[in-house]
Amino acid sequence: QFNWLVLPQLLLSLGISVYLVAGVYAFQALDKDLAEKSFNEMLVFEISTLATIGYGDVSPRTTAARAFCIAFSVAGIPLFLLMVANIGKHLTKAFWHLYSVVVGKKQLGALRGDLKMPLIVSLLLFTSIIVIGSETMAHSGDETLVDDVYFSFISFATVGFGDKVPIVDTTLRIIFGLVYIIAGVVAISALFTTFNDWLRKLHYLGRRFRGARDVQVWMGGRSMPVSRLLTIVGEEFNVSLSSRHEEEEKARKRYLMRKATIAFLTKLR
């Protein structure tokens, strides 16, 4: 089970690594300006492209390089987003496993649900990465707390104004920079996803849920309304949902009739 969880992620990460390295040589072969850039600078350019940050300090200049950049992005961005989503999913599962160990094994059953990381945990994770990066990540801006946090946030939020770019003049810095950007994108994605759930709860606060019978769900590889799914479940367990509903309605009417009769007789007395 561990191999089935880890092996696909390792293969995906290896595939993206090979994709990035091959992309560096392709870009440099198609653009003489990019050929003058270092390997580290080209890796940051590719990661910022696939993460849709786009710092702007490095960009293709020739028509061939720009055409290749389009093809490179069309294939690479979904791969990068898939890697980020998988890391976020495994990180969430790891948290709930740890939580289950702490509070007791009886909570392990909840791991079968589509759980998300709690808002406070997502916020602490994102803040921790920001704090670590502010102390260790080198960039072209001023060495102030505001500039450090600003650089990290515009990178993780994929804003990328280009006024501050990472410095990757050593192998250690390029490795840390790539890991830092990927970790930050994962953290801010988890934070925004959790925060979005809270906003949706506020949006529907106080509203009555209507139209449940027409909501489409996936079952057995096809889409169907909830009403149809309930009918199938009733047939599976030999229960007629419509008959049961009619019986409940008749029982309710009998109760109201008895209540009205008792009230009428009370008044006559």
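From the backbone N, Cα and C atoms, a Cβ is placed for every residue, glycine too.
What TrEMBL says about this one:
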DOMAIN    20-92  domain 'Potassium channel'
DOMAIN    125-200  domain 'Potassium channel'
TRANSMEM  6-27  transmembrane segment
TRANSMEM  64-85  transmembrane segment
TRANSMEM  115-133  transmembrane segment
TRANSMEM  174-199  transmembrane segment
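Secondary structure by DSSP for the domain 'Potassium channel' (20-92): 57 helix, 0 strand, 16 coil. Note: the domain 'Potassium channel' (125-200) comprises 54 helix, 2 strand, 20 coil (DSSP; helix = H, G, I, strand = E, B).
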